[in-house]
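These come from TrEMBL:
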- His34: active site, proton donor (ACT_SITE)
- 27-34, 145-148, Val174, 182-185: ATP binding site (BINDING)
- Gln58: beta-alanine binding site (BINDING)
- Gln58, Gln151: (R)-pantoate binding site (BINDING)
Amino acid sequence: MNVVETREQLAAARAAARGTVAVVMTMGALHEGHAALLRTARAEADTVLLTIFVNPLQFAPGEDFDRYPRTLEADLALAREAGVDIAFTPTPQVMYPQGPPAVRVDPGPAADQLEGASRPGFFHGVLTVVNKLFQLTRPDVAYFGEKDYQQLGMIRAMVRDFDLPIDVRGVPTVREPDGLALSSRNRYLAPAERQAALVLSRALRKAAQAPEPVAAGVAEFATEPQVKLDYFVLTDPMLGPAPAHGPARLLTAAWVGGTRLIDNIEVQLP
Ligand code: PAF
């Protein structure tokens, strides 16, 4: 595996890459969910390029940028194991040589709901860095996790609206045996909080079976006083208004102590 840190090193590695090039973008603290993205990329592309960059632009003041887990050595070991060819690990100076960029991607009105409503500026930061990483890595295909379902939709919309020649593929969420969706932020949870956090996946599962999904999900959250619900919504698969029947999506976000977690599942409305 070729580990590169500068733009020049990346350009040389990219120029030597053969066949279909896949990119998996991450902020590090890699877990089995990232490994699933990398393994899918490995199975479907000739060259697998991983990026590891904790993007300051997508954290609001007071969020967890400073304490976000940075575990580069372990990340590179996982990447090697997953068959990554090139790992790009830039510093903020490499990504933003002029400092925070004045020009940013406007995510449009779809970013005013859900994560964007709770975290203003988040999708400006995400789409700006994803766009920059697309320019730098020039992939044919890019893999993102369905755990960040709205993010996946926003990236697809950017690729469509900016005519980027990239095939964006979603990969299903990986869960612990007890249902907890894997997230780099799970490592913030104390044991009692981790137990309480199970309410997210439990509420989604119960709601998916209930005649009134949102009411059922919200009621399940009420059984877990340690967890503060942010939102629990039913939408169509594109995050538009909930359909009367057919495929739909349930999405939730909640605070478990000082940790904000998100999760979602696909649902078939009868
Ligand atoms: O999902 C993430 O880890 C980040 O939002 C991403 C896509 C790597 C952009 O920083």
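Cβ from N, Cα, C; glycine included.
Note that the structure is a prediction, hence the values are computed from the model and not measured.
Overlay of TrEMBL annotations on the structure.
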residue: Met27; record: ATP binding site; DSSP class: coil
residue: Gly33; record: ATP binding site; DSSP class: helix
residue: Gln58; record: beta-alanine binding site; DSSP class: helix
residue: Glu146; record: ATP binding site; DSSP class: coil
residue: Gln151; record: (R)-pantoate binding site; DSSP class: helix
residue: Val174; record: ATP binding site; DSSP class: coil
residue: Ser184; record: ATP binding site; DSSP class: helix
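For the binding-site residues Leu30, Val174, the ranking by surrounding Cβ atoms (within 10 Å, all protein chains) places Leu30 first. The Cβ of Gln151 ((R)-pantoate binding site) has 22 other Cβ atoms within 10 Å, all protein chains considered. Among the recorded positions listed (Leu30, Gly33, His34, Gln58, Val174), Gln58 has its Cα nearest to the Cα of Gln151 ((R)-pantoate binding site). Of all the recorded positions listed here (Met27, His34, Ser184), Met27 has the Cα closest to the Cα of Gln58 (beta-alanine binding site).
Closeness to ligand 1 is met by Met27, these being the recorded positions among Met27, Gly33, His34, Val174 whose Cβ falls under 6 Å from the molecule. Long-range Cβ proximity for Met27 (ATP binding site), meaning a same-chain Cβ under 8 A and a gap of 6 or more residues, is found for Ile52, Phe53, Val54, Asn55, Tyr68, Ser184.
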